[in-house]
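Right, one structure below, let's go through it.
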C-alpha cells in the first residue's frame, strides 16, 4: 500500500479507537459480574453467582451492590426473589450469609452449605440499599431521606440490572425481607406496579411480573406496633405488671399514644417518644451487666447492647467480608469501599421518613390489585413482635372486609401447622393476605428455622415437586398435606432439566444481544471509517487495489471481517450470558482487558468503621442503640 496509505490507515484507526473508547470503558455485561470462585467455599461445584456494583446515579456516584445466586433447579417456571434487610441502613448480606442464602460461615474463613436455603427453586438477589448501606456507596450528601426516594432509587437499580441480565426479566418476581424492610417492600412494590402501568413500558413489553411479597417480623405500622410492646412483655412475663418499673413504662406508652393519635400519619414511621418504650423495657431487664436480647427474649446480651451482638455469626461475617480475596471475588470497587459494616448509622440518620406515610397504608391497595402478601413473625421477637403485627391485621380494611373476615363477622380460622411431626406454628389467610406465626423463633426466622422457612416460601410460590422428584417434606396444615414441597437438595427430572437448558440457551443469546448493542455501535463507526478509507485508497491506488492491508489486519484476501467475528461470537455470547462453562474462561481476554475504570474521590464511603457515633449525632439526637446495628436496630 505504501507509506502514505499505511499512515492514513493508522490515522483512521486512531480516530476510531478514540471515538469508541468511552463505550468500551463504561459498558458492562454479565461476564464482568461473574463470580469465578469464592474464598472458603465448601467442596463441590461452585454455585452460579454474580456480584458487584451498579451505578444508579452518575452525578452523585451512587452505586448499589448486589449478590445474585442462580436457582439450583427449576420447578415449573423461573422465579426470582429479591431479599432486603432493614435498619434502615443494614446490609442484605445478613440475609445472604445468616438467613436464606446457600452458604453460612463456620468460622471467619470457611463456608458451609445451608440445608433449606431459598435458592433451590428461586433465583436470589440480595441488594445493599439504599445508597450507603453495606457495600453500596455514594455521596453522603445525597443519602435518601424519604421512602418514595428509596423506592425510586431501587426501581432505577432494577432497570439497569435487567439490562445486564435480561434473561431474568420475564421471571415471576417476588420481594422479601424483614424488619424495616416492612417499610421498604410495600413502597417498592407500589413503585413497580405504577411503573408497569406506564405507556412506554407497555409498548416495549418490559412489564415486570410482580407476583408477591413476603415480610418477616416487619416494621409496617407504628400505630399498632409501638403500643404492642407492653402487652407483649406482659404476656411473655418479661415485665411484671403493677411494679414501679412497669408504671414508668406505662407512662412512656401513654406519652407515645398522644403522638400517634393524629389524623395525618405523615412522619410517624419513627417517633422518638415511642422508641423510649422499648428502651425502658430493656432498662427494666438490666441485671448486673446483662439485659434481655430484644431480638430473642429467651436470650440475654451485654448491657447496653441488648441484642446488638446477636446472632453469634456476626463475629465471623465482618472479618470475612473485609478479606481482600473476598472483596476481589465479589467485584467490590476497592477505591470506594472502606470495609463492610453490618449497619450504616449515617443511612439511618438520613432516612427519617419525616414526609412519608407508614407502609401499612399501602397494603390495602396492593392487596386489592391482586398482589398476594405473606407476613410472618417469630414468636420470641420483641422489637417487631407478633402482637403488633396481629393487631395491625385485625384493624386493616381491604377488599370489602376487615382483617381476616371471610364474611361479615366470620373470621378465617387459625390453622395449626406441623412440620416433620412437630408443632411449627399457625397459618391464617383471607383475601390475598397470609399470616404465619413461627413458634419459638426469633426476629430472624430463617436463621432459626431455614427448612421451615423454605417450606413456607415454596407454599407461597406454588412450588410442587410432584413431577420433579426428591423426598417430600412432611408439612401439614390442620393435618392436611397441601402441594408437595421439599427442603433438601435433590435432582430434577429430565423434563425440568431440559426446560432449564432451554432457558439458559435463550438467556445466552439475549445477554449477547444486550451486551452486543454497544459493540454494534463500535462496529458501525469502524465500518464507516473503513469505507471512507477504502474509497480514498481506490482513488489513489486504483491499479494496485487494497489487498496489501490484509496482512496488517490478519484477514484473508477476501477482505472478510465476518470470519473473525464469527470465530469469537459463540464464545463471547456464552460468557456474557449467565450460562457459563468454566473451561471456556481460560480462552477469554485477560481480566485487565475486561476491567472497568472507576471514579476516585474522598467524598464517598461505605460506612467506615468507627464512624457510627458521629453518624448518630448528626441530627442532634443521642441514638437509642449502638449505631453499629442501626438507630432503630430493626435489621
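Just so it is clear, glycine is given a Cβ too, placed from its N, Cα and C backbone atoms.
Per Swiss-Prot, signal peptide is recorded for 1-27.
Marked as topological domain 'Lumenal' by Swiss-Prot on the basis of sequence analysis: 28-514.
The secondary structure of residue 112 (N-linked glycosylation site), as reduced to three states from DSSP, is extended strand. According to Swiss-Prot, the feature N-linked glycosylation site maps to 112 (among others).
Residues annotated as N-linked glycosylation site in Swiss-Prot, with sequence analysis given as evidence: 432 (among others). In sequence order, 367, 370, 371, 372, 373, 399 are the residues of the chain that are 6 or more apart from residue 432 (N-linked glycosylation site) and have a CB within less than 8 Å of its CB.
Here Swiss-Prot flags 440 (among others) as N-linked glycosylation site. Packing around residue 440 (N-linked glycosylation site) is summarised by its Cβ count: 15 other Cβ atoms lie within 10 angstroms of its Cβ, all protein chains included.
If you look up Swiss-Prot, you'll see 472-497 (among others) marked as region 'Disordered'.
Residues annotated as compositional bias 'Polar residues' in Swiss-Prot: 483-495.
Look at Swiss-Prot and you will find 492 (among others) tagged as N-linked glycosylation site.
Residues or ranges marked as topological domain 'Cytoplasmic' in Swiss-Prot (evidence: sequence analysis): 536-635.
Annotated region 'Disordered' per Swiss-Prot: 583-635 (among others), in sequence order.
The distance from the Cα of residue 112 (N-linked glycosylation site) to the Cα of residue 440 (N-linked glycosylation site) comes to 25 Å. If you draw a 10 Å sphere around the CB of residue 112 (N-linked glycosylation site), it holds 14 other CB atoms from the protein chains shown.
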